[in-house]
Amino acid sequence: MQAAIAHRGPDDQGFMTFGNVIMAHQRLSIIDLSSPAQPAITNDDRFAMVYNGEIYNYVALRKELQINGVTFSTQCDTEVLLKGFACFGHDFFSRLDGMFSAVILDRKYDRITIVRDRTGIKPLYFSMTNKVALFASELSSIQAFEPSQFKELNPEAIDNYMMLGYVVEPKTHIINIEQLPAGHYGVLDLKEGGYHIHEYWSLKETMHAPHQTLSINEGQNILSESIRSQLVADVPIGTFLSGGLDSSIVTKIASQQLSEPDKIHCYSAGFSVTDYDEVPLALEIAESIGANHSSVYFDESLLSQVGDIRRIYSAPFADNAALPTYLLSQKASRNVKVLLSGDGADELFYGYRNHRLMLVEESIKSKVPNPVRKHVFNWLSKGYPNSPRLPRFLRAKSTLASLSMSLSESYCCAMSSSSRMLLSEIYSPQFKAKLNAFTTESEFARIGGELEHHDPMKVMQYLDFKTYLPGSVLTKVDRATMHAGVEARVPFLSNAVLDSVLPQPSGENLGWGKQKAQLRSWANNLLPNQVSTREKKSFTSPLDMWFRTLQYPAFHRMIMTDELLASEIFDIRKIDAMMRDHHRGKANYGTTLWALAVLAQSIPF
């Protein structure tokens with residue numbers, strides 16, 4: 001198990017046995033490089049802990065604990081987390097500002113407590129089968145304990161993956177392995193065997209907390225303080241820089257916080273296809289700041305590395321920036337050990353194109369009575385022709401279907417990389433039977449149901465934080481960087497930013513005819529006007545074109561593996577027809593084919 005996560009901490013390792021409990025840790029040294037390896041143990045030997053991440057407010061917490069008589073032997077946050085828990089128990093978790101997952105053993109009461117940060121920046125997997133409890137930072141570590149025990153695929157997770165490109169937490173691709181939900185802690189009684197999960201931070205309550213309108217100066221100060229706290233490290237620091245608003249404002253403020261701005265390193269990914277290339281924009285920002293800038297360019301040869309995704313991400317993961325992010329992190333690792341990211345801003349400030357599109361759709365829905373809308377639009381969608389060969393402006397089948405759904409279901413479809421209609425065609429009868437009528441859309445309806453009658457933008461924000469942010473965005477940035485021996489930090493997801501921005505009315509971000517109006521106003525006197533006003537451009541790769549550049553036999557071999565054929569998930573004839581239509585330019589199935597390619601190269605898990 002420890003060897004399976006060695007890449008997450010190449011600087012040091014620790015291993016200890018406490019009766020029937022074994023704790024192991026791999027360390028990536030960032031703060032107090034001289035402190036001892038984990039597991040960490042309290043002076044009285046009662047508590048032992050392994051922990052991954054950073055606590056940014058550990059200095060303030062340390063001072064409070066010292067006032068209460070707690071003594072410290074190191075300068076690191078690990079000791080603060082352990083001794084804070086020893087003093088205050090589970091109540092201490094809500095006071096932590098950072099990214100973290102931890103497993104804490106209470107030897108006096110034979111209890112194990114596990115905890116994960118508010119938004120799920122750091123992962124924590126667990127399994128409890130056959131009277132054995134396993135906890136790890138990556139799914140592959142748990143599988144390594146007993147590979148034959150963790151092979152059964154979770155059909156619901158596969159449907160998530162094929163529709164969205166990731167799996168909705170807390171489930172994973174594998175039956176009997178789950179993730180601890182973000183903002184939660186779990187307690188396992190080793191004597192009785194009972195296990196309970198508790199929420200220590202509520203997204204819903206924070207979103208509906210009393211709010212105070214933020215001035216531009218207040219917003220800038222909150223974000224600046226978040227970035228300042230995340231620049232604390234005893235190693236070199238850099239940033240991911242796309243040239244878009246989010247990463248640009250992080251890079252700009254970080255450079256202002258450093259005594260030598262030219263020492264900050266910025267890293268950008270570019271593509272040989274001009275329409276997808278953001279490097280010129282990023283270079284423009286880097287030059288205006290005076291920062292060091294490096295880039296990595298990608299072309300269709302990236303497809304040959306599809307098999308690496310399973311190794312890097314421990315499971316099929318179809319975000320088409322998964323490989324570029326990892327390879328960019330590899331390049332960055334030559335100069336830095338910490339990278340600041342602009343992730344989380346789109347979820348906080350309603351930055352996705354689908355947010356505005358769904359508002360238009362909700363406006364249409366509101367003008368038609370519910371029973372009529374559901375039946376009429378559903379009937380129209382079923383009668384409408386379904387063909388990717390139709391001109392784009394005539395492809396209304398999915399729109400009509402969406403108009404018959406709840407907001408949460410519609411939003412799921414809008415955020416999907418493969419439509420339900422397409423998946424229904426390519427799934428095999430055997431796999432449909434295993435799904436037992438489950439759909440990812442219905443899962444979104446369950447998650448967003450509590451807020452369904454609130455502001456539509458708030459519903460979408462809630463869904464983003466519960467699904468896409470932890471399942472895709474943060475999974476990508478954590479696994480890609482940690483596999484390269486680098487730590488990614490996410491200033492937009494600090495406690496202060498979350499507590500200040502989440503309660504804000506959605507209207508604060510829909511001004512100026514553009515989305516993210518609030519963040520754009522903060523950037524006004526920090527960034528060039530063309531950056532603060534530029535429309536969002538997603539970091540994506542030209543998969544559609546790349547697949548067509550492959551010779552068909554190579555394209556076929558990439559997807560039609562023996563393992564995929566044996567899985568009985570798909571109707572192979574339909575997959576073959578879909579591949580031929582795409583390769584000939586008769587249809588566009590790029591994102592679905594990428595998901596299939598990653599899955600085919602990942603089986604068996």
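Cβ atoms are placed via backbone N, Cα and C, with glycine included.
TrEMBL lists D77 with the feature L-glutamine binding site.
Here TrEMBL flags S341, G342 as ATP binding site. Long-range neighbours of G342 (ATP binding site) (same chain, six or more residues apart, CB within less than 8 Å of its CB): F240, S242, G244, L245, D246, S247, S248, I249, V250, F492.
Per TrEMBL, domain 'Glutamine amidotransferase type-2' is recorded for 1-191. As a whole-number mean, the pLDDT of the domain 'Glutamine amidotransferase type-2' (1-191) in this prediction is 89.
Annotation source TrEMBL lists site 'Important for beta-aspartyl-AMP intermediate formation' at D343. In the three-state DSSP scheme, D343 (site 'Important for beta-aspartyl-AMP intermediate formation') falls into the coil class.
In the shown protein chains, 24 other C-beta atoms lie within 10 A of the C-beta of D343 (site 'Important for beta-aspartyl-AMP intermediate formation').
Counting every protein chain shown, 27 other Cβ atoms lie within 10 Å of the Cβ of D77 (L-glutamine binding site). Taking CA atoms as the reference points, S341 (ATP binding site) and D77 (L-glutamine binding site) are 21 Å apart. Each residue contributes its Cα atom, and for D343 (site 'Important for beta-aspartyl-AMP intermediate formation') and D77 (L-glutamine binding site) these two points are 24 Å apart.
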